[in-house]
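Undergrad: Take this structure, written in structure tokens, and hold onto it; I'll ask about it next.
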Amino acid sequence: ARNVLNTAVAKTASIYQRGRSQLYVYVSVGWKTVMAAGICRVYLLAALVFVAAAVFFVIGALGPQHTWAHHHPVKTCIVENAFRHILDPGTALVDGTECGRVGKPMDLETEPHKQYYPLENILFHVQIPFLDGQILSRKFHFVIADLAIHFDNDFLKIVLQHDMNYVLMEVVLGYRDNHRGPWQRMAQGNITRTLRCHMTEWRYLECEHMQLFELGSVYHPQYLVNVAFPYLPLSSLPQYRGLAPLNKLALYVVHQTMAFTDLWFTLKCVLFPVSLVTLCWLLWRLAGNSSMLNLTHKSLVFMCAALTAYNAPIEMLTLYLNIPWMLVIDDFRQGLLISSLFFFWIVFVGEHTAGDRESGLREELWELLEAAGHHSNSSIFMFVYEFCERGIQQCSHSTVFGATSLWRNMCLLVCGCGHVVGLWSTW
């Protein structure tokens, strides 16, 4: 039995060696034929990259829709003290069932005596998703909720005329992990939103949607929003007391589609090993010629490392873990990749436009990189602004820097300071 086994192993090894040798001969002959035909490896690589880009373009053009928006009706509930349900952590959040127990539901569009209900006794609530039995998938990746408030047209004309176009809201966000379980508080805060309205062709004032909150990950299957208005403009006038200025409230929820998430994860799982193998191969080739390294090689390694980090499918962790700061990581990786591409092309073009001239090349190249670094000061300012906004949103999901004129002016100030510093450094 041992002799038979050894004979079989020897024959198998011999067949493998002959097949390997023949394959090597075929590949060598084929490559020599290609080279003899005058087709350079660079042209083949360029053709391969072009085909890959065309394939990805077709996938993006014919692929699934990126995001989807849903309309959620906001319901009105008359309670004894609306602010106690929002501000008191020991008080249960109000949904459709809780409203029937502690208060009375009301239809805002058909109620004829809205002015007789004070604001402190009115609580608006909306469940996401709004139908019982439906849940949010973790593949939605993010959720952005915009609140649409439809005011009376005469009320808006007076408000805009007297520059009182802002509203105050007390908002609390809750969640639950099963259909019948209690709601858990997630975040709450007092927010101010500015009314930006424009006149339609029918001479009717229509206000833009106001961003209410943003979630960096959709870990829980159901969410609940409670909103109360401590202040509305012109509430001292008899005709605009209580809920008289309000006609309708609606919540628009935007999230990533599941089909796009599946395609996104598939592409990342395919491209990440390719970019990782390319980075390892590049490091292995450069390690053997460490004495011949120049700035182009270093910038190429940096760009390849940034691309590998960007292709890493770490977003799949949100399917199993609650990672609300995933959007911060995505923004950082995208900015790192863009910066690496920017500096690589500066070095690449600078060295190739010089031709065979070596004298003064390094000085000219460093001057160009220094100028690019000075102009990137504005990008650094925007980087700080972006991380400040994302960081604050981790503590308060309803904080939006561009929602009020104060934060919007601060954004413009930061951008202006970045450009001034960049121009001054270059000069």
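Indices start at 1 and increase along the chain as displayed.
Including glycine, each Cβ sits where the backbone N, Cα and C put it.
Straight from TrEMBL, here's the annotation block:
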TRANSMEM  42-63  transmembrane segment
DOMAIN    110-256  domain 'Wntless GOLD'
DOMAIN    259-420  domain 'Wntless-like transmembrane'
TRANSMEM  263-287  transmembrane segment
TRANSMEM  299-323  transmembrane segment
TRANSMEM  335-354  transmembrane segment
Undergrad: Can you give the mean pLDDT for the domain 'Wntless GOLD' (110-256), rounded to a whole number?
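TA: Mean model confidence (pLDDT) across the domain 'Wntless GOLD' (110-256) is 85.
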Undergrad: Looking only at residues six or more beyond either end of the transmembrane segment (263-287), which have a C-beta under 8 A from one in the stretch?
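TA: Apart from its flanks, the transmembrane segment (263-287) reaches 56, 59, 63-64, 293, 297, 300-301, 304-305, 307-308, 311-313, 315-316.
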Undergrad: Can you tell me how the residues of the domain 'Wntless GOLD' (110-256) break down into helix, strand and coil by DSSP?
TA: 21 helix, 71 strand, 55 coil
Undergrad: May I ask for the residues of the chain that lie six or more residues beyond the transmembrane segment (42-63) and have a Cβ under 8 Å from a Cβ within it?
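TA: Those are 34, 259-260, 263, 267, in sequence order.
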Undergrad: Cβ under 8 Å to the transmembrane segment (299-323), counting only same-chain residues 6 or more beyond its ends: which ones?
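TA: Result: 138-139, 141, 216-219, 264-265, 268-269, 271-272, 275-276, 278-279, 282-283, 286, 329-330, 333-334, 336-337, 339-341, 343-344, 347-348.
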